[in-house]
Amino acid sequence: MLYEQIQSNKRRTVFLLIGFLALVGIVGAAVGYLLLKSLVTGIIGALLVGVIYAVIMISNATDVVMAMNHGTEVTSADQAPELWHTVEDMAMVAQVPMPRVFIIEDESPNAFATGNNPKNAAVAATTGLIALMNRNELEGVIGHEISHVRNYDIRISTIALALTAAISFLINLGSNWWLFGSGSRDRDNRDSGGGGQLLVFILSLVVMIFAPLVAAVIQMAISRNREYLADAGSVALTRNPQELIAALRKLNSAPPMSHVDESSAALYISDPLKKKARLFDTHPPIEERIARLEKM
């Protein structure tokens, strides 16, 4: 079962990368038209941006994501003994190399894993998580993150994060140019042009508006399924669902994190933004996760 899940995640990685490039190309066409009146130039430029983002994120995933989330590396057990030894123990049980360990200075309890594969993975925990959880609950949370590492979920998450970051960059570039740059002077020309030109202009705006939602849908589909799988994986490592159940209840009642990179929100074990009733929530409701764990 584990081998099949790993292979499935690898196949999904390929499909996600194809979808990533396609979506970036569409956004590039829209931005290229708004900026340069050239769909082809926009597509080529956007694909170059997308490839650069993907390569950077995949090859330097740990350092990039940790920098985005203000993580500080723990280089020895003396710096954070409980966290260090918990990560060490869970990695040993899961039979994966010990990930690098990071701490995020934030009173809200949370954690995430990142990297490209189990050999260069990393686990981050907030100071709030270390302070709030007892050893068993901490094992449940870290077991969840180690399961992401073992199942290659971190690679999929890294590519999804690159997708979101690249699209945000392109849309911000296009929006700023259109509103404040020479694009603002071109609007009258486009409006007075032919109907076909105006139609392409409108479609370009529609793409820029809805592309982030498409990216969110992709992240949501990936994140929801992998969270359930990682919960089950944590129980397989700790042999006690009550550890993770207790931890999830504490996470559910915690306040939002003070400083968090929004594009990284899907990586965390619990929604760090604590936004209620979001249409495109990347996390399944904690109540549903607890209900599934109680049936194990």
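Residue numbers in this text run from 1 along the chain shown.
For all residues, glycine too, the Cβ spot is worked out from N, Cα and C.
What Swiss-Prot lists as transmembrane segment is 14-34 (among others), and the listing cites sequence analysis.
According to Swiss-Prot, the transmembrane segment annotation covers 38-58 (among others). For the transmembrane segment (38-58), same-chain residues at least 6 beyond its ends with a Cβ under 8 Å from one of its own Cβ atoms are 17, 20-21, 24-25, 27-32, 64-65, 116, 155, 158-159, 161-163, 165-166, 169-170, 200.
Swiss-Prot lists His144, His148, Glu227 with the feature Zn(2+) binding site, giving sequence analysis as the kind of evidence. Cβ neighbour count for His144 (Zn(2+) binding site) (all protein chains, 10 Å cutoff from its Cβ): 29.
The Cβ of Glu145 (active site) lies under 8 Å from the Cβ of Ala111, Phe112, Ala113, Val123, Ala230, Ile269, each on the same chain and at least six residues away in sequence. The annotation active site is assigned in Swiss-Prot to Glu145.
Positions annotated as transmembrane segment by Swiss-Prot, on the basis of sequence analysis: 159-179 (among others).
According to Swiss-Prot, the feature transmembrane segment maps to 198-218 (among others).
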Under 8 Å Cβ to Cβ from His148 (Zn(2+) binding site), same chain, six or more residues apart: give me those in sequence order, or none if nothing qualifies.
Ala113, Ile154, Ser157, Arg226, Ala230, Gly233
Neighbour count, 10 Å Cβ-Cβ cut-off, for Glu227 (Zn(2+) binding site): what number do you get?
23
